[in-house]
Amino acid sequence: MSKSIIRDINLAPSGRLKIDWVRQHMPVLNVIREQFEKEQPFKGYRVAVSIHLEAKTAYLAEVLKAGGAEVSIAGSNPLSTQDDVAAALAVAGLNVYSWYNATDEEYKDHLLHLIDDQPDIVIDDGGDVVQLLHTERTEVAAKVIGGCEETTTGVLRLRSLAKQGDLRFPMIAVNDAQCKYLFDNRYGTGESVWSGIMRTTNLIIAGKTVVVAGYGWCGKGIAMRAKGMGAKVIVTEVDPVKAIEAYMDGFHPMNSLEAAKLGDIFITVTGCKDVFTRNHYELMQDGAILCNAGHFDVEVNKSDLANVAISRRIVRKDIEEFTLQDGRKIYLLAEGRLVNLAAGDGHPAEIMDMSFALQALSAKYVLENAKALTKQVYVVPKEIDDRVANIKLKSMGVTIDSLTPEQQAYISEWNHTT
Ligand SMILES: NC(=O)c1ccc[n+]([C@@H]2O[C@H](COP(=O)([O-])OP(=O)(O)OC[C@H]3O[C@@H](n4cnc5c(N)ncnc54)[C@H](O)[C@@H]3O)[C@@H](O)[C@H]2O)c1
């Protein structure tokens, strides 16, 4: 407890209730916890976790601790840490460095504290810890055995680092496992983004025109759920194939300047910057709502928004109103940070059950295969993906078929006539 840097230790009982609630809805992680308790795979190792610090992440950290690890944890975004959850973890004996609404300096300071605990394994979300290890803490990086990355943006950063030959330890791209992106990015983001928007605005979605920028795994989920709630859905893309996919899925792809004139609610989820800028704000309707679900708060250009506005004020928790010269008002949710985490509780527990089971098993894999792994970005081994899927199916009471030897032979054989 003494090392932790948190807002208020007295909040711990409320955080503990939140962790207990999600634990009941994370059956895969519960199976892994039992295994870890017996096998103690992390005994004698330090694990640093930097993922949005809310209840599901807290439970992952506790599962790693149950496996023998000394766990240090920090948030991965200044607005997504829940102070009561952070307090509960500190009481449980983890080293916690995080609080809600940290300044940029505080956020970085928290990550440096995490790194200064000299981790053997790093579990990152978005790549900020790995970036600091490769810039300001290279002496710590030299001793890191390896790690895992949670999200698309972090994997992109890792691949770029590896491509230039500078990655200092092996990293597993957990995001790219099937049990991650098919469920977390699509169904998790699809649901939690709407939960964040609806609880923040208390407005109806049916009948609204929603613009989803980016039709990747996350964008597909957000668009699908918007349609289900009765919205008209426009998609903007830069990839021609994804634009056709959106069209065939029943949405309306168009360029972003056209979309700017039509939307009531705009959601960016591209992993790219400057998706909406001054050019778009000048075309938007009075009352347009802007938010972001991509990893960094660079998708909605906030300085352009401030510059086109003659005044701004907070009108509701997590809603800022920008008034333009001609009287139009544009609303920005959660400072343009991930709306589902900065203005919500993140993905449903049943979804993070799979993502975090992959994290726990991939971290164990890194330790067990430390000698064989080189300084590259690896995909999650198929056996781990399949194991997570099988435990999940079992927890849902679903049984499936398996191939007979004859079927296996048939699909492996090229030289048959029927
Ligand atoms: N909010 C969350 O909880 C959550 C969950 C998972 C991932 N993410 C983050 O969301 C972002 C998207 O992740 P993903 O898995 O969907 O990625 P993805 O690579 O599957 O999809 C991104 C899509 O955006 C498109 N795109 C890129 N630049 C664009 C631009 N300027 N305008 C329009 N479209 C553009 C790409 O062509 C691609 O189709 C990443 O930053 C990722 O880290 C957030």
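A Cβ is built for glycine as well, from the same backbone N, Cα and C atoms used for every other residue.
Annotations in TrEMBL come from automatic prediction, not curation.
Listed in TrEMBL for this protein:
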- Asp125, Glu150, Lys180, Asp184: substrate binding site (BINDING)
- 151-153, Asn185, 214-221, Glu237, 293-295, Asn340, His347: NAD(+) binding site (BINDING)
- 185-346: domain 'S-adenosyl-L-homocysteine hydrolase NAD binding' (DOMAIN)
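Residues Asp125, Glu150, Lys180, Asp184, recorded as binding substrate, reach a greatest CA to CA spacing of 13 Å.
Between Asp184 (substrate binding site) and Thr151 (NAD(+) binding site), the C-alpha separation comes to 10 Å.
In this model, the domain 'S-adenosyl-L-homocysteine hydrolase NAD binding' (185-346) carries an average pLDDT of 98. Inclusion criterion for the binding-site residues Asp125, Glu150, Lys180: a C-alpha placed within 10 angstroms of the C-alpha of His295 (NAD(+) binding site); this criterion is met by Asp125.
Looking only at other Cβ atoms within 10 Å, the busiest spot among the binding-site residues Asp125, Asp184, Glu237 turns out to be Asp184. Shown in sequence order, Ile51, Glu149, Thr151, Val174, Asn175, Asn185, Ser355, Leu358, Gln359 are the same-chain residues outside Asp125, Glu150, Lys180, Asp184 whose Cβ sits within 8 Å of the Cβ centre of the substrate site.
In this structure, the binding-site residues that sit close to ligand 1, with a C-beta under 6 angstroms from any of its atoms, are Thr151, chosen from Asp125, Glu150, Thr151. Around Gly216 (NAD(+) binding site), the same-chain residues six or more apart in sequence whose CB sits under 8 Å from its CB are Thr152, Asn185, Lys242, Val269, Thr270, Gly271, listed in sequence order.
Comparing Lys180 (substrate binding site) with Thr151 (NAD(+) binding site), their Cα atoms are 9 Å apart once rounded. When the binding-site residues Thr151, Asn185 are scored by other C-beta atoms within 10 Å, Thr151 scores highest. Under the DSSP three-state reduction, Glu150 (substrate binding site) is assigned to coil, being neither helix nor strand. Across the structure, Gly219 (NAD(+) binding site) and Glu150 (substrate binding site) place their CA atoms 17 angstrom apart. If you take the C-beta of Glu150 (substrate binding site) and look for same-chain residues 6 or more apart in sequence within under 8 angstroms, you find Ile51, Ser76, Ile123, Asp124, Asp125, Gly126, Val174, Asn175, Ser355, Gln359. The DSSP secondary structure for Glu237 (NAD(+) binding site) is coil.
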